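Undergrad: Please read through the structure below; I'll follow up with questions.
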Amino acid sequence: MAGLTNLALVLGEPNCTTSSRFLFRSVYHPAYRPPRRRTGEKVQNPTYHPVCFNLLCSMAEQVEDVSTLPLPDAFLDFLRRNGLDPSIYAASHSTPRYIRLKPGCERHLMEIEAEIKCKLKEVSWLPYFYYLSPDVGIARTKAYQEGKIYGIDAASGAAVLSLGISPGDHVLDLCTAPGAKLCMILDLLGCSGTVTGVDVSRHRLAACRTMLQKYTLGDCCRLFVADGTTFSLIPVRVCLNSKSSAAEEQLEVYKEWTPRRSWKERKRAAKTRENGASQFFSQIQDPELIFYGHHSGVVGLSKCEVYQSVNDHELLQLGYDKVLVDAECTHDGSIRHIQKFEQWGWTTLQRRVLDAERTDFLTVLQLKLLANGFRLLKVGGSLVYSTCSLTLSQNEDVVEQFLSQNASAELLEIDAAQNWPCKSARIPKTLRFDPMTSSTSGLFIAKFTKLAV
Ligand SMILES: C[S@@+](CC[C@H](N)C(=O)[O-])C[C@H]1O[C@@H](n2cnc3c(N)ncnc32)[C@H](O)[C@@H]1O
């Protein structure tokens, strides 16, 4: 508390109030945005003298070191019920931040270090990953803006590596936004294969699209706003033969993607959204294509070809090579996420994390996402199911239920995990990254393959 009071004094605020915490955090973490003001609440805009910056950073670090979160009883109960240790939520300073260097940018490392004024330490167990000191902001750096580095937790990187992506793979990322794992998948694929990103949230997927464009990573990617529990479109490789026929038959085909849609196209898209399905899309449910790269396979195809679906039997051959189901969850494994409820209000946590109806809804959703992701996987392909929850109900219980309902599903050992700082979970072959021992955000990972039965 002493650190916080001193900091408040530097800021000209004698009382150590919640608002002073917001003030220093907005300096300390450049990416931090203060919560929206409630009506009538007065928040003054602080002005900072640049010389204070370093002092503020080091003081803020001290404050973070000594801070403990006043976790509400309901959350403590939730943790107890799930056998989780509450002390992990008081230890934000011990969970480092990570960045991934875009492959091919190794030669720029010294330049990047000079720009962020900090030596980057490599993560020994994860290629292209570096620890980032908590007081180093990257959002405004040239390296970040040019897409040479991006922020992604090391455990998330491990989930992507678990997929075992090979050049030429057709990958489905069923809950893709905001897209950190999608970026890494695209990085690993290079310029071969395709990635189909799906998310039910339009605004989150739009942010994901912006990120792909900024990092120039979207060449092999297409993005659909769609419900991952019913999404049914196959990878574009199976449409390639019909490419020329579409052109020959002079059907309306997808041209190069342009962020500026014509008035006619925007009107048609809005109408499609309004009606659920336009005449043109009447044969499909409601996936909306909001981005496609030059080599995503979409350019030159007719809409019927992109939106063709096949039956479950055909999917066994024509499905995706790799599927990632990074399912929506309570996010309780993300310490930083839980800490944000200090500002958002613990009642919001009650509603979003602890509410029994919400958690029941989530476990049903997770099972449905996993089942549909698996349906879209071809025989011999691999699927990774991950959540950033540490609870049994959203992880092991979902996996057990899924296995009991899918005879062709088999759990796979994650070979790459031998040197990872994770633990075996309750079910053999499944893994848990735990903030206390892994120095990463919490993550559960299970890998499956599809057998020919
Ligand atoms: C844990 S986040 C995914 C994080 C992402 N994979 C990444 O690495 O940045 C879960 C995502 O699932 C999405 N989601 C929730 N329900 C969904 C559904 N029924 N179908 C598809 N996406 C869904 C949410 O909008 C959210 O963006």
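Heads up, the Cβ atoms here are built off N, Cα and C, so glycines get one too.
A quick note: this is a predicted structure, and the numbers were derived from the prediction, not measured.
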Undergrad: Do you know which of D219, D227, D355 TrEMBL groups with D199, D326 in the S-adenosyl-L-methionine site?
TA: D227
Undergrad: Please tell me which one of the binding-site residues listed here (D199, D227, D326) sits closest to C388 (active site, nucleophile), measuring Cα to Cα?
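TA: That would be D326, nearest by Cα distance.
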Undergrad: What mean pLDDT does the predicted model reach across the domain 'SAM-dependent MTase RsmB/NOP-type' (84-451)?
TA: 88
Undergrad: Helix, strand or coil by DSSP: which one applies to D199 (S-adenosyl-L-methionine binding site)?
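TA: The three-state answer is strand.
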Undergrad: Check the binding-site residues D227, D326 for other C-beta atoms within 10 angstroms of each C-beta and report the one with the most.
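TA: Per the Cβ count within 10 Å, the most buried is D326.
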Undergrad: Hey, what's the Cβ neighbour count for D199 (S-adenosyl-L-methionine binding site) at 10 Å?
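TA: I count 27 other Cβ atoms within 10 Å of it.
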